[in-house]
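Undergrad: According to TrEMBL, the protein carries these features:
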- B:20-80: domain 'CBS' (DOMAIN)
- B:168-188: transmembrane segment (TRANSMEM)
- B:200-219: transmembrane segment (TRANSMEM)
- B:239-261: transmembrane segment (TRANSMEM)
- B:267-292: transmembrane segment (TRANSMEM)
- B:304-327: transmembrane segment (TRANSMEM)
There are 2 protein chains.
Amino acid sequence: MPDTLHDGDALNLDVAASHMVTRIPRVRAEATVDSVLELLRGQVFQCADTIFVVDPQDRLLGIVRINDLFSDGTRLIQDIMVPEHEAVALGDDQEEIASLAIRLNMIAVPVVDWDQKLVGAVPPEALFRILRDEHMEDLQRFAGIAAHDDGPDAALDAPLFNRFSRRLPWLVFGLLASSLITVVMVGFEHTLSSNVSVAFFVPALVYIAGAIGTQAVSVSVRGLSVGEVDIGALLRDELIIGSAIGTALGSLAGLAVMIFFGDVILAVAVGLAVLAGGTVSAVVGFGLPWVFKRFGSDPALGSGPICTIIQDVTSLFIYFALVSLLVL
Amino acid sequence: MPDTLHDGDALNLDVAASHMVTRIPRVRAEATVDSVLELLRGQVFQCADTIFVVDPQDRLLGIVRINDLFSDGTRLIQDIMVPEHEAVALGDDQEEIASLAIRLNMIAVPVVDWDQKLVGAVPPEALFRILRDEHMEDLQRFAGIAAHDDGPDAALDAPLFNRFSRRLPWLVFGLLASSLITVVMVGFEHTLSSNVSVAFFVPALVYIAGAIGTQAVSVSVRGLSVGEVDIGALLRDELIIGSAIGTALGSLAGLAVMIFFGDVILAVAVGLAVLAGGTVSAVVGFGLPWVFKRFGSDPALGSGPICTIIQDVTSLFIYFALVSLLVL
């Protein structure tokens, strides 16, 4: 019988079955600590950090940390075990394994089959790799880089063409999407040609909207990773924080335009565009990861071109509309 | 004697001393497995996943995974131990603890004092928290959000004003820095007013340069987290990949401008600006995190406003210079 059901590195199945080991200590609840220690002697385990307590049908009753096994030898396992039935299924994604481990402070996560029978455990070594992989994958997704088939660590040493082709798709999509921004600009050609200085503030506006949006995406992705959070409350908070930030930066930007360009209308338009664009960006940046998650995609995709383009288009539209309105 | 030297949550000292536990199994190399198991019985440990082998002066000789302790009882500890002297010092940063654990596949990291004497170990539970905190902190830093004093998990529940004020500083800095982009735009006022359609492509150019740069930052931060990587080779790769991406996207953008606007000069200028801006963004995005690391800062700061502004200013300068040159 193989030690692991699959070789995770070769198959890159990011599920519990590919991360688990099967040679783990299984004991009965009625046994004494001393008898368990005797039982474990002479056996070779792949994960002895946690002792798994099972019933005669091999169903998980609880776990005992090895730390607690070297205690009073006459005590019964059932008296020192954590009656913790939560486990992952064979097909559960590695993200779920990591979040269960973190939530319950477990260093080895039991794996059960469709019949709730204990089949193995994901050892701490594998949990470390999972946590690190998730970290590296998030960094990639945030930057719009497609995942490498062999996991994030292989990505750095991949052949040049592979690295090139994992980065190109999102950029091409972004380029196509950014034609929408160009459409907005063309739509306000009249405003631009009647006062070319309106164009001066376009890149800075786009930059600020994007920066506020990126912060909101990061808050959102973090919120989703924590698990049970009240999305309504967080969204309301984000609206408040976004408009507060928009007000602060908008006042600053308007003041700067007033001082350096002496144009009241332009100053008001820039200030209000930063305020409105910032608020919209915060809400969009916060909301999109939840939408992605809802449709079964990765929340970190919310930081990609879709979010940026929505923010850019909204900010510029507000800006040009304000300028056109105020100049008229 | 306290269990931990410091309460890490309260003090938020992200160093080994605040994460370690001190009640750990210490054994001699000459002992047999059986005698060690007898010795451990009846004791309460905070981290029994790893047995630490020390000499009479308490200096670390090696470690034994608990998995290997339930093997042949007549064998000597020195025959089954991993003669692994690497440890962290009391003042080492939590990032170093995590990278050592990952590199050596250790699930408990020994901590030694100035005299190389074993004083404790960072248990797997703490390593999990560290890995997760580093993950969440990276997401924050990538987005330019200042760290919360009580760690990233506290950040979500912080009062609104705290969340607002941790996000504002980088944005204000970004707003100030973005005035540089405005200066570039003002500098090419003549080019803009002689052909207002030049302005149409400014937001898309800024977007693409930023997207390529963000990917490069992510590759760079990942490279730095791996540890020993040849920066020269990676930088050369990034130059090749960046110019390949720039060529692909530049051709696409130029073609689109040609088709929809029928302006050859504008098409060539946009295409070349995407090519040049993309290459510069890739190199800057890749290089800045190394510069930050070199000066003792966090590499993920490389994704902040400084990087974006350099990329935006360069791309726009190249674009306007090309337009001015080609139109003349």
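Here the Cβ of each residue, glycine as well, is placed from N, Cα and C on the backbone.
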Undergrad: For the transmembrane segment (B:304-327), give me same-chain residues lying six or more residues beyond its boundaries with a C-beta closer than 8 angstroms to one of its C-beta atoms, as numbers and ranges.
TA: 141, 144, 170, 173-174, 177-178, 180-181, 184-185, 187-188, 191, 194-195, 198, 201-202, 205-206, 208-210, 213, 217, 265-266, 268-270, 272-273, 276-277, 280-281, 284-285, 288
Undergrad: By DSSP assignment, list the helix, strand and coil residue numbers for the domain 'CBS' (B:20-80), in that order.
TA: 16 helix, 17 strand, 28 coil
Undergrad: With Cβ-Cβ distances below 8 Å as the criterion, list the same-chain residues six or more beyond the ends of the transmembrane segment (B:239-261) that contact it, or say none.
TA: 197, 201, 204, 208, 212, 216, 267-268, 270-283, 286
Undergrad: Do any residues, 6 or more residues outside the transmembrane segment (B:168-188), come within under 8 Å Cβ-to-Cβ of it, and if so which ones?
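TA: For the transmembrane segment (B:168-188), the far contacts come to 144-146, 202, 206, 304-306, 308-309, 312-313, 316-317, 320, 323-324.
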